[in-house]
């Protein structure tokens with residue numbers, strides 16, 4: 001009987017949460033959310049199209065930008081069906097297997113974004129601190145190897161914790177905190193021993209997000225040191241201008257993820273609306289903002305996008 005009960009628990013579905021207290025306005029809320037997802041897809045597809053069709057952008061900097069846009073595009077694709085499904089009212093529940101798969105992609109893509117931002121910091125460091133060797137260090141072959149390493153690192157390290165979710169028993173009310181699945185949200189509903197997942201998740205945060213953030217900060221300390229010894233103020237400003245887009249992308253990624261972590265760890269007394277807001281900011285803000293940041297701050301991208309839309313207008 002116990003075995004049958006466990007089997008039922010493990011195979012049961014989970015209830016997705018929309019916006020607590022505003023359920024009657026779900027259809028109205030679906031309109032801005034649909035618009036945001038449309039902007040995410042249009043913005044990142046535009047950046048990818050521009051880089052693919054413009055030979056002058058076949059450079060390491062823009063290869064990393066293409067990786068970032070592809071990651072953001074996939075993040076949108078991994079959550080759009082559940083978020084809009086809940087708001088439009090045609091999806092209220094999600095199976096355990098589907099939930100685990102979505103959690104795998106969300107956390108894997110988040111780790112991948114962090115790794116790509118680290119790769120972009122390395123690109124800026126070489127370009128400013130060792131410009132004469134830039135083309136010999138960051139060859140196409142090495143960029144490809146870095147991309148494969150980022151992919152393997154992001155999705156292999158997260159696998160043990162995600163696979164373990166399949167073997168936990170979920171005896172608490174099967175109501176998720178968001179309209180998508182997160183690892184920490186599933187752990188909250190488990191009544192099995194979750195020490196492995198908790199410890200391993202902390203290990204991943206330290207080895208992925210924290211380590212990447214420390215290395216990015218170190219790269220900018222060295223960049224700043226190099227820039228400050230440049231005699232000309234104009235040259236200093238020109239060098240720093242090339243880093244502005246990346247710094248903005250780093251802030252856009254790390255501020256929401258730190259906020260969501262703090263809310264999950266210490267905000268249990270907060271309104272569910274705060275959890276929902278931070279979860280959606282974590283999922284949607286970086287994919288929405290990165291194409292805007294790079295289209296505005298990167299002249300090559302801006303000119304090409306303007307030309308692209310002016311041709312379409314004609």
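Each residue's number is its place along the chain shown, starting with 1.
Cβ atoms here come from the backbone N, Cα and C positions, even for glycine.
What TrEMBL lists as domain 'G-protein coupled receptors family 1 profile' is 43-294.
Taken from TrEMBL, the feature transmembrane segment applies to 25-50 (among others). Sequence-distant contacts of the transmembrane segment (25-50) (same chain, six or more residues past either end, CB-CB distance under 8 Å): 18-19, 57, 65-66, 69-70, 72-73, 76, 80, 83-84, 86-89, 280, 284, 287-288, 290-292, 294-295, 301, 304-305, 308.
Residues 16, 30, 33-34, 37, 40-41, 44-45, 47-48, 51-52, 91, 94, 102, 105-106, 109-110, 112-113, 116-117, 119-120, 123, 140, 143, 147, 150, 179-181, 249, 280, 283-284, 286-287, 290-291, 294, 298, 300-301 of the same chain, all 6+ positions outside the transmembrane segment (62-84), place their C-beta atoms under 8 angstroms from a C-beta of that stretch. Residues or ranges marked as transmembrane segment in TrEMBL: 62-84 (among others).
The transmembrane segment annotation in TrEMBL covers 104-122 (among others).
Residues 60, 63-64, 67, 100, 103-104, 107-109, 111-112, 115-116, 119, 183, 196-197, 200-201, 204, 207-208 of the same chain, all 6+ positions outside the transmembrane segment (143-163), place their C-beta atoms under 8 angstroms from a C-beta of that stretch. The transmembrane segment annotation in TrEMBL covers 143-163 (among others).
Beyond its flanks by at least six residues, the transmembrane segment (199-231) meets 111, 114-115, 117-118, 121-122, 124-125, 128-129, 153-154, 157-158, 160-161, 164, 183-184, 187, 239-240, 243, 247, 250, 254, 257, 261 of its own chain at Cβ-Cβ distances under 8 Å. Among the features that TrEMBL reports, transmembrane segment is placed at 199-231 (among others).
Marked as transmembrane segment by TrEMBL: 243-267 (among others). Counting only same-chain residues 6+ beyond the ends of the transmembrane segment (243-267), those with a CB under 8 A from a CB of the stretch are 68, 110, 113-114, 117, 120-121, 124, 128, 184, 205, 209, 213, 216, 220, 223, 274-275, 278-279, 281-282, 285-286, 289-290, 293-294, 297-298.
What TrEMBL records for 273-294 (among others) is transmembrane segment.
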Query raised in the report: What average pLDDT does the predicted model assign to the domain 'G-protein coupled receptors family 1 profile' (43-294)?
Result: 89
